[in-house]
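S.K.: Got a structure for you, questions after.
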Amino acid sequence: MPTASAQRFQKIVVIGGGAWGTALALTAARAGRSVTLWARDQSLITEMRSRNQNSRYLPGITFDEDLTFTDRLSDCSKADAILLVTPAQTTRDILRVLQNEAKLTVPVVLCAKGIERGTGQMLSEVLKEEARQAEAAVLSGPSFADDVARGLPTAVTIAAETDATAQGLSQALAAPAFRPYASTDVIGAQIGGALKNVLAIACGAVVGRKLGASAQAALTARGFAELTRLAQALGARHETLTGLSGLGDLVLTCSSTQSRNFSFGLKLGKGLLASDLKASGGKLAEGAHSARIAVTLGDRLNVDLPICKIVARMVEEDLPIEEAITALMTRPLKSETPPA
Ligand SMILES: NC(=O)C1=CN([C@@H]2O[C@H](COP(=O)(O)OP(=O)(O)OC[C@H]3O[C@@H](n4cnc5c(N)ncnc54)[C@H](O)[C@@H]3O)[C@@H](O)[C@H]2O)C=CC1
Ligand SMILES: O=C(CO)COP(=O)(O)O
């Protein structure tokens, strides 16, 4: 028997027919929600409708969940909640179109992991500028799309501006293998996801250069210190940072070749240049888009982000891996815990 708060979010519209949007649409349907998946690519919609597959983004997975597919954003006006699952840098443009088409008044769950490059804003801040009346929510945590689509056990954080919405969305999206934890720390839930992508590129590079498991662990731990400093300067709560959307996602992404960011870094560590990797297209690596703006944000808040700085130079200036390692290892020695 669905609870009243789950019923509040019976109709879910998912925007984005990539790996994560499709996986979230599937898990929402398994949770008993009525789900519409919007994708801009008509051929993708045709394949999902006729063959129950999204072979471009989720190869090898056939779904039997009952989903509705659309390429009309105006269909979003019927939603109780919208899951926005396109790459972070597309957020503002999509919200603008959505606001024109559907007048956003329901909660918008931001599922992308990144910082807007042009402004340094969190995606919830972008939402507030573009659709003031829509409550901001965030879904983040250690969760590969492929795992979620296959129904493997996953836990995530769902944060919203109000506890009632965070609890309601968590109950509405909870499925046997998908366990959300509610939170009201909207900023904290976003900063972990954005920064872990940058840090995963660094970890991938260390592994690609065969620097050993000790170096990988050191980088993950110092990366967490970096993430924590920036997040606390932005007002995030400590328990969010040590939770699923912070440490949980950092550990996953910094240790698995299943991660596209880690894999991007792996190639840099093997000597490939970021400019060549970017020119060849390839899979989305959000950290490559967020690294520089994370550093700028850090500078604005007087927070030092040495690992992010090196990643920004690797992805934007083709800094060679040897120079990146030297730059990190020759920094002035400092205390592990800064003086209070
Ligand atoms: N794949 C994963 O395991 C997870 C991904 N995420 C995050 O979700 C976000 C989306 O990632 P994925 O779905 O994996 O990427 P993807 O590359 O698989 O799919 C991106 C989708 O967005 C669409 N798209 C791109 N630009 C667009 C635009 N301007 N307008 C409309 N649609 C557009 C593409 O056509 C594609 O359908 C990223 O921020 C990522 O960090 C978060 C958790 C897990
Ligand atoms: O966010 C993710 C897992 O939580 C997915 O990571 P990648 O985008 O690096 O594949």
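Placement of Cβ uses the backbone N, Cα and C atoms for every residue, glycine included.
Please treat TrEMBL annotations as automatic predictions, because they have not gone through curation.
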S.K.: Let me know which member of Lys103, Lys113, Lys283 TrEMBL also records as binding NAD(+) at the site of Gly16, Gly17, Gly18, Ala19, Trp20, Gly21, Ala145, Arg260.
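M.R.: Among the candidates, TrEMBL records only Lys283 at this NAD(+) site.
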S.K.: What is the interatomic distance between the Cα atoms of Asp249 (sn-glycerol 3-phosphate binding site) and Tyr57 (NADPH binding site), given in whole Å?
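M.R.: It is 21 Å, counting Cα to Cα.
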S.K.: With respect to ligand 1, which members of the recorded positions Gly141, Lys196, Asp249, Ser259, Asn261 satisfy a Cβ distance under 6 angstroms to one of its atoms?
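M.R.: None, as no Cβ falls under 6 Å.
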S.K.: Cβ under 6 Å from ligand 2: which of the binding-site residues Gly18, Tyr57, Ser143, Ala145 qualify?
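M.R.: From Gly18, Tyr57, Ser143, Ala145, counting a Cβ under 6 Å from ligand 2 as near, the near ones are Ser143.
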S.K.: With DSSP, how much of the domain 'Glycerol-3-phosphate dehydrogenase NAD-dependent C-terminal' (185-325) is helix, how much strand and how much coil, in residues?
M.R.: 106 helix, 0 strand, 35 coil
S.K.: Only counting partners 6 or more residues apart, tell me which same-chain residues put their Cβ under 8 Å from the Cβ of Lys283 (NAD(+) binding site).
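M.R.: For Lys283 (NAD(+) binding site), the qualifying residues are Arg260, Ser263, Phe264.
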S.K.: Spatially speaking, which of the recorded positions Gly16, Arg40, Lys196 is closest to Gly141 (sn-glycerol 3-phosphate binding site)? Use C-alpha to C-alpha, please.
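M.R.: Closest recorded candidate to Gly141 (sn-glycerol 3-phosphate binding site) by Cα: Lys196.
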